[in-house]
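Working notes for the structure below.
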Protein chains: 2
Amino acid sequence: MAPEMLPPGSVVGMLGGGQLGRMMALAAARLGLSVHVYCPDPDSPAFDVARAHTVAGYDDEAALAAFADRCDVVTYEFENVPARAAEVIAQRTLLRPGALALATSQDRLVEKTFLRKAGAEVAAFASIDRAADIDAAIAVTGLPAIVKTRRFGYDGKGQRKVESREALAAAVTELGGADLILEALVPFELEVSAIVVRGADGAAAVYDIGENSHADHILKQTRVPARIGAETAAAAAALGRRIADALDYVGVLGVELFVVRDDQGERLVVNEMAPRVHNSGHWTEDGAVTSQFENHVRVIAGWPIGSVATIAPTVMENLIGAEADAWAAIAADPKARLHLYGKAESRPGRKMGHVNRVGV
Amino acid sequence: MAPEMLPPGSVVGMLGGGQLGRMMALAAARLGLSVHVYCPDPDSPAFDVARAHTVAGYDDEAALAAFADRCDVVTYEFENVPARAAEVIAQRTLLRPGALALATSQDRLVEKTFLRKAGAEVAAFASIDRAADIDAAIAVTGLPAIVKTRRFGYDGKGQRKVESREALAAAVTELGGADLILEALVPFELEVSAIVVRGADGAAAVYDIGENSHADHILKQTRVPARIGAETAAAAAALGRRIADALDYVGVLGVELFVVRDDQGERLVVNEMAPRVHNSGHWTEDGAVTSQFENHVRVIAGWPIGSVATIAPTVMENLIGAEADAWAAIAADPKARLHLYGKAESRPGRKMGHVNRVGV
């Protein structure tokens with residue numbers, strides 16, 4: 001055994017107790033690893049499948065330290081882990097992915113700057129920190145454009161599409177007036193994801209590229225393979241790997257890319273990245289040899305990457321809010337593989353589960 | 001939804017907290033069901049992945065009643081659930097599989113009598129309750145034969161192969177002198193398993209027949225498909241289904257069969273049955289569309305049976321005792337799907353995990 005492989009029985013800590021933590025915990029258990037979940041919410045779905053859990057805030061340094069001391073490695077299910085929490089943990093045990101990935105992905109301005117430096121094409125962007133920045137920003141992006149908060153946005157929250165200078169000025173005020181980014185609209189044909197897994201030794205693998213569709217800014221469906229050219233798919237995988245390398249990344253990384261089609265053919269524009277298992281990788285649970293959850297756990301524990309080969313074309317559909325009420329019909333569909341997250345309450349926009357259809 | 005389908009969030013109770021309970025709990029969690037494990041052993045591997053657990057004895061009627069009151073359905077991972085414990089639970093909630101399956105499989109004499117009545121061929125057998133029964137028993141089975149305790153035997157425990165009347169007399173004394181069964185030796189070519197799943201509505205399905213090999217009386221390997229004729233495989237499946245029907249069974253049932261080859265061709269002799277998920281069905285986790293664990297949970301919860309189709313030929317190998325120390329090499333084998341049970345201590349003969357190799 002390589003000295004850095006954590007043996008079975010080791011404790012994997014997870015910050016965040018939602019469905020991503022739950023699915024990582026299930027994967028860890030299958031490998032004989034023990035899971036400790038840390039989350040402020042006492043009703044966290046991941047608690048149900050973990051050996052231990054801590055209910056405490058991400059600003060509770062004593063609780064974070066005690067948690068870290070019980071874990072052989074700590075990971076997270078969301079990129080908005082406060083920098084100070086990450087620091088407390090990293091001082092006491094392994095934190096994977098590391099602080100650089102967190103810091104980069106928490107701020108859209110830092111992220112876009114990093115991506116460009118890593119050789120990825122991104123939408124034209126400019127920062128807005130005061131009303132006086134508006135004209136210079138429009139000069140960079142043109143109009144219409146999208147104004148976003150630099151931090152803490154997800155599922156379309158904290159962003160507005162604007163068609164005019166006046167609308168932008170209003171949106172800037174509405175979004176707080178500072179720490180904003182204006183992004184050019186990318187005239188994309190479709191959105192795809194590269195789900196990359198990379199180990200501490202630099203070995204990396206990329207799952208087959210998935211094609212995403214959204215409803216109300218929330219991922220609705222991922223289909224694999226994406227309906228793009230083979231060269232574009234290879235380029236998306238190479239780009240995902242390059243980004244992971246540039247971050248010296250350990251874990252699963254989700255990279256969302258726009259596919260732009262023009263008379264030159266297809267080209268890729270990186271939308272954003274997530275330093276964690278990703279909703280657009282849920283198809284791998286049934287459609288790939290090793291799921292993204294198992295591979296994330298494997299590499300943060302120092303284990304080698306499991307095969308990312310696709311078993312058969314797969315379509316993943318999120319069950320959002322009341323859509324999960326159709327569980328009985330889905331359970332009766334012989335093509336459907338149902339996954340439910342154990343959330344007691346269904347709310348509009350809440351991700352309740354997903355369903356994979358393999359070989360379709 | 002059919003009225004008898006337990007909705008997500010329902011509580012599935014499990015008697016027994018070993019690896020079978022653990023794998024059932026993982027499958028239940030994926031379906032959004034909540035799991036409560038009951039086991040006397042405070043270090044039960046299944047506790048780590050269950051929402052709730054009770055540490056209490058199977059004779060603690062108050063604890064059993066409190067457990068049953070919190071569960072929408074109760075199942076078990078072992079057939080030696082005391083009849084009184086089953087009764088306490090069945091008076092308060094659904095117990096699946098039911099008391100008939102338990103009572104039948106707990107006693108080899110009752111089981112063999114039942115199997116014969118259900119139309120299965122079994123080895124010639126006779127009961128021994130006193131020394132005076134020995135000659136009559138030998139007249140039925142011939143010698144050599146195998147003498148077994150009627151109850152509580154597993155993995156070769158509580159049985160002796162005997163070649164002579166004297167050896168049998170000694171073994172009878174050694175095994176307690178009563179409640180024994182003498183069975184004729186079956187000159188079998190190989191042993192196979194039928195893993196049957198049957199719902200409360202009578203719908204049933206049988207996984208592809210697996211071929212088992214043992215070492216030191218413990219299952220070592222199951223390979224699917226078994227190397228038997230197509231007619232024999234169909235007959236094994238039909239036999240499994242007939243046995244499940246005769247028990248009005250709800251859940252997964254493991255049926256071990258001997259394949260005897262002579263100049264008439266192949267014929268099947270039922271060795272024994274287990275009213276639970278079965279070690280020889282572990283291949284289904286990676287080699288079949290729906291695992292035996294998920295299908296057991298589905299039908300006890302009143303859900304329809306998931307597809308039992310085989311994805312690709314699969315070989316399952318148990319990791320027994322120190323064999324699990326090879327986990328790092330297995331984790332690095334791209335063909336291997338590793339499953340470890342989270343047991344802290346490896347002991348000789350203890351099942352620590354298993355590995356599935358799919359598409360081999």
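Placement of Cβ uses the backbone N, Cα and C atoms for every residue, glycine included.
Quick look at what TrEMBL lists:
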- A:Arg108, A:Lys148, A:153-159, A:183-186, A:Glu191, A:His214, A:271-272: ATP binding site (BINDING)
- A:112-301: domain 'ATP-grasp' (DOMAIN)
Mean of the pLDDT scores, which run from 0 to 100, over the domain 'ATP-grasp' (A:112-301): 96
Neighbour tally for A:Lys157 (ATP binding site), based on other Cβ positions within 10 Å of its Cβ: 11
Sparsest Cβ surroundings (other CB atoms within 10 Å) among the binding-site residues A:Arg108, A:Glu183, A:Val186, A:Asn271: A:Val186
DSSP state at A:Asn271 (ATP binding site), helix/strand/coil: strand
For A:Val186 (ATP binding site), the three-state class that DSSP assigns: coil
